[in-house]
Amino acid sequence: MQLLNFLICLFFIFKRCVFTVIGGEFSYDNIDKKPILVASYPEGSRFNVSASIKTLPDLVTLTFPKLVKDPGYVYEEAEKGDPESQFLIAMLYAMGPDERLGLSFPRNEPLSRIFLELSATQNYTYALLALAYKHLNGLSTPMSVDKGVELYKQVAHQISCLVQPLSHFAPDIAAEYPVDLYDLSRTSSYSVQKKDDIVEYLKDYALRGNNISAHISLATIYQYGTPGKLKDIKLAVKHYLAAIRLVNSGIPDSPSEAIKSIHNNPRHAPTTKETANSLSIAAFRLGCMALHGELGKPDPSLAYAWFEYGVSLNHSSSKAAIAYMYFMGYPVAENTESITKLLENALASNDPLAFAVAGKVSLANGQIDEATVHLIRAVSNGHLESVLHIADIYYGSNNQLSIAYYENFISRVLELFDVKTISFDPLTRHFAHRLSAELGNLMSQILAAKDRDPSTSYLKTVIFPTNEQTHRNARIAMNYYSRAAARNHIHSLIKIGDFYRMGLGTSAKPELAFSYYSQAAAIHPSALAYWRLGWMHEYGVGVPVDFEMAKKNYDNALMHDTRAFLAVTLARLRMRLSSPDSWFSNIYRILGKVTYKFLKLVQYFIINIFDILSPAGPDSQLPPEPPTLQVDRTPQQPDPQETSESLPSPNTEEMGESYNDIRFTYDYIDGRFLETACVTLIVVVVGLVLMRRHQQHRLQERRERIIRRQNRA
């Protein structure tokens, strides 16, 4: 098998020599090192954005249907030298077989590395990013921080063409919506349905109420897009001009003609501060769109005219934008005095864009310390370009900080973690999470692990037995949790401890689980970590039974999170009942055994019911085998010992007789339906009880009213 892999390597190295390299060696500059030459850019372009550079949601949307429909075709395209197909094949070999996606590529790190190298020689963005992550973490390649940070820098500057220097304030989704919540769909503010309702409300308010703020809000949604709502520049321009037209009536529908009309026929100044602010926002954004080429060809003169209108309304960002244009030498020669004066006025208003422009000016003058101060202020306000400049400043002197800023910049520009994936169907969303996780995005690693985590269902881990499918999913989840835990993510450390405690995806190792919980509690006080430590001390799992230490850890859990009050109260009661000094201890142990027997009976009852309902036997309930590649398209499958992850294999002896005796497991039952049915049954019972009590209360009130009427009569 080693000889086979060696021959395959030689084959692909030979093919690399004869492939046509698209684009050659990639050369890059910092964003806006030199002015944009309007004549060199086609109409509709945006800073000469390369068509090959896509955000991750766009890449997944375009490629996932092709992978599911005909993975062999994608493999053939990779053999022909297509860099995108080579990257996708490399990721499939890195991820291994996935029955949920219907993809059966074997896990083969050597082949994955070969395809990545082939794609990277053509400067394909995502291949370079994947190699950078592998070099930094020593995944299937020797660890090299210098090589990793060098590749991160190359990727960051390669995708800088997607950044709009003046108006690109991309939110840091990972910071605003941490995956510690474990379910992004609960983020109601980003619900697609809610966004649609807001858009309809704003339309009605803007058109019927002639409200300038509603027009600005609608234009913002159409300019930048939202989950489930694509960008529409024409509608954005329409609403920006509609907002301006409420004050400057009669202006044309063309941005260039509109600004000429405003300059030739000046109207009265806005009557309120809110109106002036809305007008200045519209003027500033129209200027940015003109400069960035979103209105056609990049037009610095038109942009300058709109920025001047914003300055006349005392808009600080418009002042910073004109200072930026003076600095870049767009419509006029560089004017140091004008730059200084405009920036001083904008900085006095604490304008984020002013800090970004001031940082760039300081960088050009060699004032690194002053530039760092200004750029960090801009970064704290969400300015995306400044993140790249800070990363460049730290490059070579502080690789740790440089890597952190490069990762942040790349993740936000390529949208490696974004709420847009909420609108994807479950399979596409799962593929996006796994692909982003392989590229090193922390939040996606946690979501990819959660997608395959068998411990997320209480019924699945308590009532139903574990089997090979459960352990296979657990190993995939454990792989991603391990990558996140290596970056000190608290919940991932706790999850790995759970897997070792329960023996999911690995043999049960309570002592190792205890060490993971202790590490999580030491890095950052976590109520869940303290709760797990208390539970292990209470039951003597991995450590001797110690009620005092259990109580101490339970108290720490309550101290760090008041939501643990009920759980801690029940734990204290449980310890009091199970204490050897209490005469309740024997009763408590008997109740525990009865409960366990009841769960086993429920387990066997459900399994037997499905056996009875399946006349062809339990094997007929198994999902179909995923489609495989044709023999002539796929290399030979490698030896599992050569490609297995550094994760312990499950100890089948510890699974018990349930693995061999129970033929049909929960993994082939619609788990969501079963859990939903159980919860619905509980809700119905509780609802009936409450309804009955309410009816009795109403009947009692009615009787009392009748008695009072009779007494008055």
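Cβ coordinates come from backbone N, Cα and C, glycine included.
Keep in mind the model is a prediction, meaning the values are calculated, not measured.
According to Swiss-Prot, the compositional bias 'Polar residues' annotation covers 631-652.
Residues or ranges marked as N-linked glycosylation site by Swiss-Prot: Asn48 (among others).
The N-linked glycosylation site feature in Swiss-Prot is assigned to Asn123 (among others); the stated evidence is sequence analysis.
According to Swiss-Prot, the N-linked glycosylation site annotation covers Asn211 (among others), on the basis of sequence analysis. DSSP classifies Asn211 (N-linked glycosylation site) as coil under the three-state reduction.
Per Swiss-Prot, the feature N-linked glycosylation site maps to Asn314 (among others). Contacts of Asn314 (N-linked glycosylation site) defined by a Cβ separation under 8 A and a same-chain sequence distance of 6+ are given as Ala276, Ser280, in order along the sequence.
Sequence annotations record features per position, and here Swiss-Prot assigns region 'Disordered' to 621-655.
The repeat 'Sel1-like 1' annotation in Swiss-Prot covers 83-124.
Marked as repeat 'Sel1-like 2' by Swiss-Prot: 125-160. Here the repeat 'Sel1-like 2' (125-160) has Cβ contacts under 8 Å with residues 26, 28-31, 52-53, 56, 59, 83, 86-87, 90-91, 94, 109-110, 112-113, 116-117, 119, 385, 388, 391-392, 395, 399, 402-403, 406-407, 409-410, 413-414, 438-440, 483, 486 of the same chain, all six or more residues outside its ends.
Residues or ranges marked as repeat 'Sel1-like 3' in Swiss-Prot: 212-248.
Among the features that Swiss-Prot reports, repeat 'Sel1-like 4' is placed at 280-315. Taken together, the residues in the repeat 'Sel1-like 4' (280-315) have a mean pLDDT of 89 on the 0 to 100 scale.
Feature annotation from Swiss-Prot assigns repeat 'Sel1-like 5' to 490-525.
Summarising the annotation, Swiss-Prot assigns repeat 'Sel1-like 6' to 527-562.
Residues annotated as signal peptide in Swiss-Prot, with sequence analysis given as evidence: 1-20.
Summarising the annotation, Swiss-Prot assigns transmembrane segment to 671-691 and lists sequence analysis as the type of evidence.
Of the glycosylation sites Asn123, Asn211, Asn123 has the largest number of other Cβ atoms within 10 Å of its own Cβ. Here the repeat 'Sel1-like 4' (280-315) has, by DSSP, the following mix of helix, strand and coil residues: 25 helix, 0 strand, 11 coil. On a Cα basis, Asn211 (N-linked glycosylation site) lies 48 Å away from Asn123 (N-linked glycosylation site).
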